């Protein structure tokens, strides 16, 4: 019986159930949930909706005339039913984009550092752990503030929501591409100083210092390349973290008790140091940049197109009111 | 009190008294009531204003995420501009680096295999090098090089390829020597090096920490393996002075190696790993030790030995008398003597120049490709978006 109901229900665009008891409401949600991988959302305002809200993957409660029972059992609470549209199309979309990108980025950031140390181990049995400060502030700022599309565009073109259904922000393909890119970047990061300073008087602490700075610069410029919306905080977070890392290195290298004492002062005098960092940053990010350009030119995604429309239209007619 | 009020009112003005005299007392109370009501309404309005202002503060541009933003798009202009910019900055840098590197004159000579044929009996070789008093003569010819070995001496003769301007730096280069091995790098005591008070801080220096019961200064494997080949240069039978001052980092001389620390019990017993130190010179003046203890990053490295402060003309013949003391034969290491001038890029290394040229060239090539691509296969930006808008309207 429930199979027939399921088949019938999934063939229709909209199904109306009336005279339904609370347990049956939950049963309907469970009917879909147990037979498919789809995400289910339940929204309700009364105490009789609580079981349905709890059964669904996402439960939304309305605080209103029937009290706050539904709200207390739900994941999201709002004042009116119509806010659901904004919750899904705007905030749901943004959250998915941000979380998907940040997961990939965090894999990359950790892997590039570890791989670089790994390549060094092949040259020695030693790992250079000179003072490295782990700056995850830029990723937090990007995760909070970055937006790919404005809310008006998302509400207007509801089809853009499909990007989430199609797993466009985080999937196996993206993960492996990211890992291959990480491998390349770690190789560039490691080998350029090795080739530049082969058969020279370069000591281990200076090399470690160079790698530390290069990693921080590279990782931040990588993030900067992907940010879609630059506000003042983003600038402060990204460039600030590079500046702060430099400041930390200078401070630590000024304390005679650390083995690094004096390294940055000695290194910074030589243009070779700065040229290495510049070369590392550009060469490591070059394949990624090319890949991005080609993909955006030949196979632009819906979001990409909508974004271009939104921004270019706004630039061409800035007086047009949204 | 009311009587006083009414009396007072009638006293103040006739017209006022006339107005008020008509109104009975209960109306006065209701007037007060009205005033109170008006007052409370005003208060309510004022609160309303405040709370609206408060809500406006909460709805600031930050919390509503409507801060002014720059939204970059990769338009063709940006892409081509980026590649062209990288190309036109990198190619000159590459050329300048390559030019600077080519200007450096370098003489590199491997001398550890000087006297010995490669298939010499290994144990004989090791006996020879370990014996501090070994005395052998050996002659060997290698193209334009002449060798003669007297005890541990090796003499090299070579020609200066191009004019070398002073200062000319003398380095010794070691190959297959892992100064960056974990145990090796840790085997030192910075506290001991810094001051006499830290003499007993030898816990990281095992196995080269104590001689009998007394601590070794400086302890550890790094100091123990001090390089001790020496080089004496002569030009046209006149000795060339080698300036061995200021070869270590200034920061090392001033802060890392104390001026009150003298070597003690150094290389006095057991296995001797390298050079000996003059026990009457403080560590802050032992520049060879300081240079050696700045552990190298890679297995093939150079360390500064000294400087020659005169110019060397092209095709001049220099004779070097080497004391071939250091035992690299045990582990298949290499020893080379290097004379080199420097430029702003450091020693002779073409890598940066070539790398910059390649990257710059690739970027310009890509820029041209993208220009062609955008001309022949343009992807209209606005056009795409307009089409999609039309689709939406059909619904």
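Keep in mind that glycine also has a Cβ here, set from the backbone N, Cα and C atoms.
As stated in TrEMBL, the feature transmembrane segment covers range A:272-291 out of the listed A:132-151, A:272-291. From the options A:230-252, A:299-321, the stretch TrEMBL describes as transmembrane segment is A:230-252. Checking the ranges A:84-103, A:204-223 against TrEMBL, the transmembrane segment annotation falls on A:204-223.
Count of Cβ pairs under 8 Å against the transmembrane segment (A:170-192): among A:107-126, A:204-223, A:230-252, the largest is for A:107-126.
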